[in-house]
Amino acid sequence: MRGGLWQLGQSMTRRLAQADKKTVALRYFSAEAELKKTVLYDFHVANGGKMVPFAGWGMPIQYKDSIMDSTLNCRQNGSLFDVSHMCGLSLKGKDCIPFLEKLVIADVAGLAPGAGTLTVFTNEKGGAIDDSVITKVKDDHIYLVVNAGCRDKDLAHIEEHMKAFKAKGGDVSWHIHDERSLLALQGPLAAPTLQHLTKEDLSKFYFGEFRMLDINGVHCFLTRTGYTGEDGFEISVPSENTLDLAKAILEKSEGKIRLTGLGARDSLRLEAGLCLYGNDMEQHVTPVEAGLTWAIGKRRRAEGGFLGAEVILKQLESGPPVRRVGFFSSGPPPRSHSEIQDDKGKGIGEVTSGGFSPCLKKNIAMGYVKSGSHKAGTKVKIVIRGKAYDGVVTKMPFVPTKYYKPS
């Protein structure tokens, strides 16, 4: 789904308030029969979730509270997201690391056991096929999660390369975790709430780390990560135990952690300056252009050996033609595809994500501009519905991140 989920949530709220609800419901949910449902689908509906099609799934865009309120509640207290539409998989075998390093930009071999990182799957031209959080569980086991909208192409891409790798004698196999569901618990109350449900000491468990442990009496995969800029966790749990775990988390937080939908998730990740694949990153955009140079391991910069390395390493040396940057702007909130102009009215790029920041109470956006126009403080114009509004390039994240790291 292109464009802002936040906008979709706002427009749905307005239309459901104003219009004949049956007509609107039919229009939004006519495809519902073909949509896949997570194990929490009925739980979302019972809790007031407004369900929308997203990447082939019926997912909650928001609940009874507004997207604005639930964004603020995540930052002040906490949020529980159902992200079971995303695809978790394990690569196993003694050659699983050299295999994966052919496909991604990360120094996977250099990760400590139980450590993870954000990475990018690249194509032959250096463009991004998808971004993914990968974890080296141990030397012969990698766990990764790929985006729901990219699942089919990602799995086909991995499988095609795996067949060729195995044909040459490589030892690698995979398992797609369709038997598990995924919850994201985010915000300042995430750790204290989760601590009630596990015997493991979470204070010794830092951002980017992975563990297999019992939570609420069930064997889970736990990663200290998220997509909001807050401290938090992604919890992979057997599907049959997901509802019990979701209820336990909400109960232990004494109502302060709320079920939160995709609308607030979108505004939270935008405030944190994080990319949404399909908006801010696509097949023709390289990790260097997307501002993810830090994710290219030092050894990988020296050795290459991943798809599109020639293009990417050349950009590292001489600079990319365009760069992803953040903006503040006046007027209506910028939207995906809004044109960005320099102060003389010449086109220099376009917005890829934008909206009104619930936390900062002003417009924020990210997009791509020509190199040279990317410095913080550069004045720009952003064209919305034919009219140019003042904007300024700014550093990201817009809202400071609060990842839990060793002091």
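Glycine too: its Cβ is placed from the backbone N, Cα and C atoms.
Sequence annotations record features per position, and here TrEMBL assigns domain 'GCVT N-terminal' to 40-298. Sequence annotations record features per position, and here TrEMBL assigns substrate binding site to Glu234. Annotated domain 'Aminomethyltransferase C-terminal' per TrEMBL: 323-399, in sequence order. Per TrEMBL, the feature region 'Disordered' maps to 327-347. Feature annotation from TrEMBL assigns compositional bias 'Basic and acidic residues' to 336-347.
Under DSSP, the residues of the region 'Disordered' (327-347) split into helix, strand and coil as follows: 0 helix, 7 strand, 14 coil. Model confidence over the domain 'GCVT N-terminal' (40-298) is summarised by a mean pLDDT of 98. The domain 'Aminomethyltransferase C-terminal' (323-399): residue composition by secondary structure is 0 helix, 44 strand, 33 coil, according to DSSP.
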